[in-house]
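Copied from Swiss-Prot, the annotated features are:
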type: ACT_SITE; residues: H245; note: active site, proton acceptor
type: BINDING; residues: Y32, R175, R248; note: 2-oxocarboxylate binding site
type: BINDING; residues: S114, Q138, T166, K221, D276, G277, G278, F279, R280, G299, R300; note: FMN binding site
type: DOMAIN; residues: 6-350; note: domain 'FMN hydroxy acid dehydrogenase'
Amino acid sequence: MSDATSSKPQIFSIQDLKQAASDKMSQMYRDYYNGGAMDNITLANNEAAFDRYLLRPRVLRNVSNIDMTTTLWGTKAALPLGVSPSAMHRLAHADGEVGTSKACAARHVPMILSALSNDTLEDVSGQSSDGSTPYAIQVSPFKNRQITTNLLNRAKAAGYKAVVLTVDAPMFGRRLDDLRNGFSSGGLGGGIPDLSFDTSATWEEKIAWMKSQTDLEIWVKGVTSPLDAQIAIEQGVDGIIISNHGGRQLDTTPATIDILREIAPIAKGKTRIAIDGGFRRGSDIFKAVALGADFVFVGRIAIWGLAYDGSNGVGLALDLLINEFKLCMGLAGCSKISDISPAHLSILNARGVLESVY
């Protein structure tokens, strides 16, 4: 075996991938992608919280043919997994968002493209040559509404199925590592000239305006309160994404998987429920579905894949999660998504007794 071959990292898990990718990035960009707000308490808790939910497999079930497929934005998806919006993929690798999209399209994994992308939305969705992979465009409440209108019109023309409005970032969180490193994005290839956010935006006005601008599905990303989930339902959004921005906005907010357990009983059947934050294993996806999520999104994982090996690295990251999720379904006795239920989870209470999650 050559020295080059023997020194190549062995990637068997997302944690392996994170380490290998982090080793390849400069400290500034590594800290930008990997870090969170203030003391990183929410960032750490997002991951740790999954360990509080214990799997309860069912046995002697026919799992000879496991069907992971589901639907999102009216389109078939390979499994309840997609890529969250994250800015400036080219900071991780020259393949950028196009490289991420290429890996997603090859696996029919949905992708939400950030408004702060380096590559154009047309080039990104163009990686799905037959249009079978669903895409959504993410927008923020920009003061300059023409930016949003232009993005919505372009997205519609390019075959996008939904718009995802980020609602938890009226201003940027305080990220200490970025301040220490003097972080600079190096410019945005997407060419958006005015990134000022409208800090006066409200539910009633913003959702009504969005509906007046597009017939794409409208989802809101950044819901962490049951009260806001109820308002989202009342405003008639097509879906909510339970998200604390990967712990990058307001530190010490709860882990998203715990929030899902709180919101799912309120929102299930009234609007679609998705979640991101802290997912690192296929079993984490399974746990979210068992708690009531229709879909799971991951952000940093795609970035780690890019940093490690460009588009091929994103494919490796997705394959790890796909294979782990399929294995978890089989070992838990589930042959299709609808088989996954709260009965597949327990929590250990303070007295050391297993309890149902609902």
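Keep in mind that glycine also has a Cβ here, set from the backbone N, Cα and C atoms.
Annotated 2-oxocarboxylate site Y32, R175, R248; additional same-chain residues within 8 Å of its Cβ mean position, judged by their own Cβ, are D31, Y33, G35, G36, A37, G173, D177, D178, F183. Site extent for FMN: among the recorded binding residues S114, Q138, T166, K221, D276, G277, G278, F279, R280, G299, R300, the largest C-alpha separation is 23 Å. When secondary structure is read from DSSP and collapsed to three states, D276 (FMN binding site) falls in the strand class. Taken together, the residues of the domain 'FMN hydroxy acid dehydrogenase' (6-350) have an average pLDDT of 96. Among the record's 2-oxocarboxylate binders, Y32, R175, R248, no two C-alpha atoms are more than 10 Å apart, and one pair sits at exactly that spread. For R280 (FMN binding site), the same-chain residues 6+ apart in sequence whose C-beta sits under 8 angstroms from its C-beta are S13, I14, Q15, E47, F50, I301.
Taking Cβ-Cβ distances under 8 Å and a sequence gap of 6 or more within the same chain, the neighbours of the residue listed as 'active site, proton acceptor' are D168, A169, G173, G222. According to DSSP, R175 (2-oxocarboxylate binding site) is assigned to coil rather than to any helix or strand.
Just so you know, the Cβ of G278 (FMN binding site) picks up 23 other Cβ atoms within 10 Å once every protein chain is counted. Put simply, R248 (2-oxocarboxylate binding site) is 12 Å from R300 (FMN binding site) when counted between their Cα atoms.
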